[in-house]
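*Asks:* Quick one: this structure, given as structure tokens, is what I'll be asking you about.
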Amino acid sequence: AIFKSYCEIIVTHFPFDEQNCSMKLGTWTYDSSVVVINPESDQPDLSNFMESGEWVIKEARGWKHNVTYACCLTTHYLDITYHF
């Protein structure tokens, strides 16, 4: 799948600013007893990334999380969050 992501841009220190964006992939419909997601790597696949002449990705990492929410403290949900 190919995803598009939009992040809030803060340009206080333009043109020397750095932005941080996150993309969280997971399910709220099915818990970890039904759906297990595992990243292939902690580095996202950027093969379909479209470069920009205005900025570059300096670093990209991903982490898997086992999360519980206030509504359902005994139910665990998995997600993978990538930070750019």
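Glycine is no exception: its Cβ is also placed from the backbone N, Cα and C atoms.
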*Asks:* C71 pairs with which of C21, C72 in a disulfide, per Swiss-Prot?
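*Replies:* Among C21, C72, the cysteine that Swiss-Prot links to C71 by a disulfide bond is C72.
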*Asks:* When you measure from the Cβ of C72 (disulfide bond), how many other Cβ atoms are you left with inside 10 Å?
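*Replies:* Within a 10 Å radius of the Cβ of C72 (disulfide bond) lie 11 other Cβ atoms.
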*Asks:* Counting only residues 6+ apart in the same chain, whose Cβ is under 8 Å from the Cβ of C7 (disulfide bond)?
*Replies:* Q19, N20, C21, S22, F84
*Asks:* With H, G and I counted as helix, E and B as strand and the rest as coil, say where DSSP puts C72 (disulfide bond).
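*Replies:* For C72 (disulfide bond) - judged by DSSP and reduced to three states - the answer is strand.
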*Asks:* Return the residue, from the listed recorded positions C21, C71, L73, with the maximum count of other C-beta atoms within 10 angstroms of its C-beta.
*Replies:* C21
